[in-house]
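Taken verbatim from TrEMBL:
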type     : residues      : note
DOMAIN   : 46-158        : domain 'Ig-like'
DOMAIN   : 165-260       : domain 'Link'
DISULFID : Cys211-Cys232 : disulfide bond
DOMAIN   : 266-355       : domain 'Link'
DISULFID : Cys310-Cys331 : disulfide bond
Amino acid sequence: LPLLLEATLLRLASGSHHPFYNGFYYNHVMNDKGKGQEKVVYFNGAKLVVETSKDPIYSSSGANVTLPCHYHYEPNLEAKRKIRIKWSKLRDDYTKEQDVLVAIGKTYMAFGDFQGRTHLRQAGQREASLVISDVRLQDDGKYRCEVIDGLEDESDVVDLRLQGIVFPYQPPHGQYRLNFHEAERVCQEQGAVLATFNQLFQAWSEGLDWCNAGWLADGTVQYPIRLPRKPCGGLHLAPGIRSYGPRHRHLHRFDAFCFSSALRGEVFYLDHPAGMTLEEAKQSCQDAGAEIAQVGQLYSAWKFLGLDRCDAGWLADGSVRYPITKPRVHCGPAEPGVRSFGFPSKGRFGVFCYKER
């Protein structure tokens with residue numbers, strides 16, 4: 001135990017009575033026979049209980065969201081308590097990824113990307129809910145609400161899930177050209193982030209079938225298969241997520257699975273009778289008070305806004321694509337989806353633009 005904590009406990013144990021400042025009572029049991037056994041602190045008193053939502057909390061990019069957290073004592077303690085509240089963001093294996101916010105009373109400090117976007121909602125008695133403003137794609141994940149009262153420390157976990165879409169991405173120079181860090185960058189350039197396993201699994205359950213392996217946010221390489229076939233793991237394997245496991249983040253190269261959420265703006269199509277080059281397309285969007293759309297924005301508009309356009313258009317990465325929600329003759333396959341013409345070095349097309357609301 002830290003020296004300060006040991007000294008405090010020894011002082012409490014040696015006094016004629018043992019009230020600790022937070023109202024709890026501790027018995028300090030120590031072995032005096034020099035046998036090297038550890039000292040043990042037993043807690044006797046009220047039990048601190050922390051509770052969050054058992055169901056995931058859903059939100060979308062740009063929105064505000066509250067992650068609920070409340071605490072109480074068993075048996076109930078009426079007196080006011082000077083407690084500390086700490087929120088952390090966790091990895092999928094529940095180990096800590098980053099500090100989010102620490103608060104004592106009305107004084108708090110936020111950390112990293114959460115600075116200026118987070119505060120506590122303490123509207124009710126013994127509430128420690130976290131408010132996140134302007135939700136970002138990377139905010140998706142698990143959060144631990146931790147309440148500390150003296151030597152008592154209890155916590156619970158709540159899951160924040162962004163409503164979004166996973167899409168596979170290959171760069172202009174071809175298949176399996178991205179190491180992990182390059183995959184992170186190309187997703188960000190497309191208005192997205194690398195997808196998590198949970199996001200890929202959700203996309204698979206909604207119908208995503210893709211035979212090329214791609215990076216995920218945890219450094220693993222996986223791909224979703226709905227229809228088993230020989231080039232995609234074999235005919236006799238069940239449908240599911242095929243995994244290569246963790247790969248070397250610098251040396252190994254694959255595609256990427258990116259995740260984009262709902263939009264705060266709109267995607268619209270511009271055309272010209274003679275079509276446009278990529279540079280002309282970018283200028284046309286600027287003239288309309290917008291910017292050329294990213295791939296993630298087109299996918300989000302297709303999924304969340306029902307964008308349906310059977311005309312190919314330029315996107316910011318130099319690819320040419322078009323979104324179809326109602327399949328029909330001359331508009332590609334019989335399933336809805338975002339069709340791709342790849343990265344043509346020549347040709348004149350329309351353009352998809354994006355404008356913030």
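Going from the start of the chain as shown, residues are counted 1 onward.
Glycine residues also receive a Cβ, built from the backbone N, Cα and C atoms like all the rest.
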For the domain 'Link' (165-260), residues assigned helix / strand / coil by DSSP: 22 helix, 30 strand, 44 coil
Spatial separation of Cys211 (disulfide bond) from Cys310 (disulfide bond) - C-alpha basis, Å: 25
Residue pair Cys331 (disulfide bond), Cys211 (disulfide bond) - Cα distance, angstrom, rounded: 23
The domain 'Ig-like' (46-158) - residue tally per DSSP class, helix then strand then coil: 6 helix, 63 strand, 44 coil
Helix, strand and coil totals (DSSP H, G, I; E, B; other) for the domain 'Link' (266-355): 20 helix, 26 strand, 44 coil
Across the domain 'Ig-like' (46-158), average pLDDT on the 0 to 100 scale: 93
Residue among the disulfide-bonded residues Cys211, Cys232, Cys310, Cys331 whose Cβ has the most other Cβ atoms within 10 Å: Cys232
